[in-house]
Structures are given as C-alpha cells and as structure tokens.
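The structure appears below as structure tokens.
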Amino acid sequence: MLKRKNWDRLGLRLFLLMWGALVLSHVSAWMLASQTLHGPVGTHERPAPHAEDGGPPMPPPEGFGEGPRRPHEPGGHEEHEPHGPPGMAWHLPLAPSLPPSLPWRTGLLDYGVRLLVIALAAWWGSRWLALPVRRLVSAAQRLTPALAQGRPAPRLHEDEGTCEVRDAAAVFNRMAAELSGQFEERGLMIAAISHDLRTPLTRMRLRLETGEVEAGVRERCVDDIREMNRLVESVIEVFRPADAAPARRVDLSALAQSAVDDLAETGAAVNFEGPAAVVAADPLALRRVIDNLVGNALRYAGSARVSVALSAGVTRLVVEDDGPGIPEAELQRVRQPFRRVEGSRNRATGGTGLGLYIAQQLVRRQGAVLVLGNRPEGGLRAEVVF
C-alpha cells in the first residue's frame, strides 16, 4: 500500500482549483483584451516629413523645436538650431499619451472570458471532487445484491484520493467485510439448525406413525411435527441465496390455475380467472408465493379468488378474500417476520406469521412488488405487480 499523504485534503484541492481558475481567467482575459486594442499604449514616434520620395527630408516647420527666445531678440525668444547631422530624417518625440479608456465591447469580452473560465473550472472541479462520492454510491448499491446472492462484497481503493476519501473507503470496506461475514455465518447456522431439527423430527414422526399410540394423540403429534417441518422449510426459503434459481419465462396463468386446482381437490373454496400472461420469474418461488397468499386468504376468510390482469404492459396477480381484512395501521407491520394481527402465533388461529414475510421476500427476488390493501366491500386484496 502506498504511503498515506496526510497533506492531501479536500480543502487543499479546492483551494488549488479556485486559485488556478482565477489565474487562468485573468491571463485569458488580458490576452484577448490586448488583441482588441490598436497597438500598445505609451510613447509613439512619428517620422519627419520628406519633400518627395527619395529626396532629402524637409526641414522642420518654422519655430518647431525652438527653445525660448530672449526678450531682446526678435520674437522675444532665442533661436536654437536642431542638432544632428544634415540629411537625417527627423524623429520627433511626442509627449506620453494617456491610456485610452476600454470600449464597452472590450469590457464585456473581459467579463465573458472570466465567467467562461470559472464556469468550466467549476464544472470540471465538481466532477473531480465528486468522483469518490460516486464510487462510494456505486459500491453501496452493489453491496446489497452481493450479500443477498452470496457474492463477495465490493471494495474501494484505500490508497486513492484525499485523506477524507481514504478514511471513508477504509470504513466502508470494514463494514462490507463484517456484513459479508455475518451473512455467511447466518446461512451456515440456519443450515446446521435445519439439519439438526429435521433428523429428530423425522424419527419422531416415524415412531408415532408405526407405534401403538392412541389415534387422536398420534394425529396431533404428527400435525405438530409437520408444522415444525414447514417452519424449518420457511426459514430455509428466506435465507436461500437469491440467485439459487435463475428466472425464466413462466406462464403465470397456468401456474396459478395449477395451484388453485390442487387446493380445490382438497375441498378448498378457491377459483381462478384471467387471460394468459407470461412473466420472467423462478417458477418454484412464484408457486410458493401463490400458495402463501391463497393459504393466508383461506385461513382467515375460508375462501379465495385468484385472478390475473393485464394493463399498460403491467401484469398483476390478484388474490382476494371476504374476510375481516387488516387494519390500515397494520398493513406494513404484517410484512415483518413473526408478525400477525393476532399475536399468539397459534396454528389454529393463523400459524407463525411468516407467510406474508416470505411472500414479500420471494416477490422482491423476482423483481416484482407485493401490494396489500383492504377492499371497500370488505376483505383483503393482495397484488403481485410485475
């Protein structure tokens, strides 16, 4: 790693940028303004007139270049002969002239050049100074998908930029590494717990099914074991990497019709209607979403209506029921894990509270949105918008 330059700070870079822009604007304006004037300002010389081309120079006008005459001489002044060899052209110095005032066009040009140079410096400087911020934003945007998909977390260069930029990059890299480690440990822990739970649950179920136990007790125990297995599967589904199954074109209507038919065979009051619709999604995850939403409607309302709607290039999967609905203040809270309107998490009154949470996570992985709302005539309306 390169040696840290503690003197390279944002304030120093900003000072150098402003100083350079100011000097450049002054130099540019001075050069352009000088070119618009008709020659340099100062002392000018004028050659003495000649009688004819190629002839001897004409004498200076009478009295020109004479000194003061004495009072007793004619004219009151003493005559002085000009000095210099005969035949020499006269170059008569003029008195220094005052600098002419700048015309308004020259002043406007000066102002415009300075404004242009400073504006260009501000534009370039803003991009130059904001480049580390854009890199940080890009890395932060890529961090969440990387963690969700089990990929290495993005890193920033810790040896580039000012002291403030290097410090921010180091803090971001440490944070990303810690988050990546926590996500990896969490996945391993969930996998280990799931494996350790499934093995004794399977043994218990086999013993109950084959042992001499009262029928009522056996059925209740088997139901409890199945519920625990479903809970384990739900937790595994939540922590499964997002890229475990790539998306592909799926006939949404056919998938929904299949789920409804399977439930109808068990005697559930559920039906489906809608046109054919194709979406890009993981079919297994999408089937899990349909099962969760329909199962939630059947649990609380006893019936469900599933439909597919197409409008303006948007595909909607809609699940409606005639149940009590959800209070408006609870519509966002029920999306959280283990959150239910009825907080006992009793299987008889609604389960563990993971259904809507899992459905929302799976919907997000498909690039869709889960919308929950109460119907005006009563009941809950859940929409998956693609």
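Every residue, even glycine, has its Cβ placed from backbone N, Cα and C.
What TrEMBL records for 43-53, 67-83 is compositional bias 'Basic and acidic residues'. According to TrEMBL, the domain 'HAMP' annotation covers 127-184. Under the heading domain 'Histidine kinase', TrEMBL lists 192-386. Taken from TrEMBL, the feature region 'Disordered' covers 41-88.
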Across the domain 'Histidine kinase' (192-386) the predicted model averages a pLDDT of 80
Of the residues in the domain 'HAMP' (127-184), how many are helix, strand and coil by DSSP? 44 helix, 0 strand, 14 coil
